[in-house]
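S.K.: Below are the features listed in TrEMBL for this protein:
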type    : residues                       : note
BINDING : B:D33, B:D78, B:D214           : Mg(2+) 3 binding site
BINDING : B:D33, B:S48, B:D78            : Mg(2+) 4 binding site
BINDING : B:T49, B:D50, B:D125           : Mg(2+) 1 binding site
BINDING : B:D50, B:D78                   : Mg(2+) 2 binding site
BINDING : B:H57, B:E265, B:W321          : substrate binding site
BINDING : B:G124, B:D125, B:R149, B:S216 : ATP binding site
BINDING : B:D217                         : Mg(2+) 5 binding site
DOMAIN  : B:31-141                       : domain 'PurM-like N-terminal'
DOMAIN  : B:153-301                      : domain 'PurM-like C-terminal'
Number of protein chains: 2
Amino acid sequence: MSSQPPLGEFDIIEKFFQRSASRPDVLLGVGDDAALVTVPENNQIAISTDTLVEGVHFFSDIPPRALGHKALAVNLSDMAAMGAEPRWVTLAITLPEIDEAWLAQFSKGFYDLAEYFNVALIGGDTTKGPLSITVTVHGVVPEGKALRRDGAKPGDWVYVTGNIGDSGLALAHLQDKISLNPQQLELSLKQHYYPQPRVLAGYGLRDIASATIDISDGLYNDLQHILRKSHCSAVLNLDSLPLSETMNEAVGVDQSIALALNGGEDYELCFTVPESNKGSVDTSLSFSGIQFTCIGQLAPGHGEIKLKYQDKPYQIEPTGWDHFN
Amino acid sequence: MSSQPPLGEFDIIEKFFQRSASRPDVLLGVGDDAALVTVPENNQIAISTDTLVEGVHFFSDIPPRALGHKALAVNLSDMAAMGAEPRWVTLAITLPEIDEAWLAQFSKGFYDLAEYFNVALIGGDTTKGPLSITVTVHGVVPEGKALRRDGAKPGDWVYVTGNIGDSGLALAHLQDKISLNPQQLELSLKQHYYPQPRVLAGYGLRDIASATIDISDGLYNDLQHILRKSHCSAVLNLDSLPLSETMNEAVGVDQSIALALNGGEDYELCFTVPESNKGSVDTSLSFSGIQFTCIGQLAPGHGEIKLKYQDKPYQIEPTGWDHFN
């Protein structure tokens, strides 16, 4: 025990989570009954919330800085998937005890990402209990420009940003299912702990994508959400999947495909583009510097996904990420 | 085990939390990467978030219907304290297991209150883990009309809505600190489990109150937030405190005063009114049907609260509710 008196709830907020919000649209930040923000004319508000629970979404030995980053990143990723510009977040954090070194690292991971995207922390709640973090994020998107899941049509092309599967690769190692060498672990853990939300890609897709989702539960599962909402099926060319060299080297092609389809927590975007916009994808995304790959095409249907590898049908267990099963 | 397959995360959302949002300003509710809402012109958005954790904010034997009500009520109370009209909420719920009977009661408590105030559930996250609930609420308030904590001035009068202390009375019984008879318990538990957020009073106060807060941590603590933000002190006339007959009968005057000042979880409003608006309080609140009482007056200062009872100074331990101490 230090000789300092223990920090109380209000001290935690003041010490770690009350950096002044520098956005001019934040009229009132942390410290009143509610925050107050203004919304630009002719814009809609996108709102999303995600919880991370110890033992379910992360192991107890996750670096606190990574946890702070990830708790915000998974929510910013939802804004990216809507084509929305993230602006304001609230943070509800439940902690078993007050560990100032831990909180300093957690808030650093959180604020570094928040400042990169100019997102203001406008409110929160700190409580005692088993470790869990709930972030609610608010973004703005011009009227009628939001990227939904239900706008895809047969014939549209299916794309993903970045590489997929590396986060699942790191998770498999952390779960002792595979063993990575130090370099492979470092590269894949970076994807697992510090996913980069594809916010800029979301802006670029506003005018060209027919549907968009972020890949949190695995490409297979998340693409199915688009297919079911849009009444389509899909054919995926697995030869085209953007897989990292690290993953191919570590686990070979078949396991890489399995991790890309079902590994989850990539926080890349999966989006569909009509034939007429296919030529514009490069122009629309080039400013973002984000890589993208066409991996398949839609057909009429009700959520079916046909997998092809080297022009032959390919079978894989369609399991995703459901916390309760 | 039943012969039914267990419900997964998506089933829970569909079965219990996907009643269609009937508000025309909800363009997209549960079921995409984010919800989409529109905001009326010349309005600002008030945003607040609160977490309830088992063992900290409620006991494990709380009726699930009460928990569903309370999780929303504490957030609507923050909107009331801002003078905001609550419109949209997100619900993040972490559950140790799926108990359909429990979920049915929880969602009933939640939706009954949501429908009463025409609040739409627009998004959420269901995860497995130790029981906790985080609600984020969004309301609208005309530009410049929000009720803040920092607008009070020396000379302003201090008011509270309703009666205060009954929720703390029930809690003291649940903690085995006192023993209530069945009728006393029933009346006070109703305040503890089913607090009524003073949303309508919030509307009425927009034009007359100089500062407002909701009483979640006890009148003493919460009034201090106004005093510190507004650079004032206060004199409270304890003779005027609105105390229920039930409480007076159960624990006598001194303990009733202690519960009213420090019991917490009343979710009544404490507000200040300039002398020039004192005559308008009755008119402004009469449409709401909510009782109010003048309990003191502000003076210059830095957060001090002087207590008077029968014209003499009165001493009480200034302890509030801080989860970490």
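Backbone N, Cα and C atoms are what each Cβ position is placed from, and that goes for glycine too.
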S.K.: Pop the mean pLDDT for the domain 'PurM-like C-terminal' (B:153-301) in here, whole number is fine.
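M.R.: Over the domain 'PurM-like C-terminal' (B:153-301), the predicted model scores a mean pLDDT of 96.
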S.K.: Tell me which of the binding-site residues B:D33, B:D78, B:D125 ends up closest to B:D217 (Mg(2+) 5 binding site) in space, Cα to Cα.
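M.R.: Nearest by Cα distance to B:D217 (Mg(2+) 5 binding site): B:D78.
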S.K.: What does DSSP give as the helix, strand and coil breakdown of the domain 'PurM-like C-terminal' (B:153-301)?
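M.R.: Result for the domain 'PurM-like C-terminal' (B:153-301), in helix, strand, coil order: 73 helix, 29 strand, 47 coil.
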S.K.: Can you count the other CB atoms that lie within 10 A of the CB of B:S48 (Mg(2+) 4 binding site)?
M.R.: 29
S.K.: Of the binding-site residues B:T49, B:D50, B:D125, B:D214, which one sits closest to B:R149 (ATP binding site) when you measure Cα to Cα?
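M.R.: Minimum Cα distance from B:R149 (ATP binding site) across B:T49, B:D50, B:D125, B:D214 lands on B:D214.
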S.K.: Taking only C-alpha atoms and a 10 A limit, tell me which of B:T49, B:H57, B:D125, B:E265 are near B:D78 (Mg(2+) 3 binding site). These are the binding-site residues.
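M.R.: Of everything listed, what lies within 10 Å of B:D78 (Mg(2+) 3 binding site) (Cα to Cα) is B:T49.
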S.K.: Among B:D50, B:D214, all listed as binding-site residues, which has the most CB atoms within 10 Å of its CB?
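M.R.: That would be B:D214, with the most Cβ atoms nearby.
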S.K.: Same chain only, sequence gap of 6 or more: which residues have a CB within under 8 Å of the CB of B:H57 (substrate binding site)?
M.R.: B:T51
S.K.: Is B:H57 (substrate binding site) helix, strand or coil when read with DSSP?
M.R.: coil
S.K.: Expressed to the nearest Å, what is the distance separating B:D50 (Mg(2+) 1 binding site) and B:D214 (Mg(2+) 3 binding site) at their Cα atoms?
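M.R.: A Cα-Cα distance of 13 Å.
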S.K.: Given the binding-site residues B:S48, B:D214, B:S216, which one's Cα is the least distant from that of B:E265 (substrate binding site)?
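M.R.: Comparing Cα positions, the candidate nearest B:E265 (substrate binding site) turns out to be B:S216.
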S.K.: Roughly how many Å separate the Cα of B:D125 (Mg(2+) 1 binding site) from that of B:S48 (Mg(2+) 4 binding site), to the nearest whole number?
M.R.: 17
S.K.: Check each of the binding-site residues B:T49, B:S216, B:D217, B:E265 and report back the ones whose Cβ is under 8 Å from some Cβ of chain A.
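M.R.: The binding-site residues close to chain A are B:T49.
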S.K.: Within a 10 Å radius of its Cβ, which of these binding-site residues (B:T49, B:S216) has the fewest neighbouring Cβ atoms?
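M.R.: Counting other Cβ atoms within 10 Å of each of the binding-site residues B:T49, B:S216, the minimum falls on B:S216.
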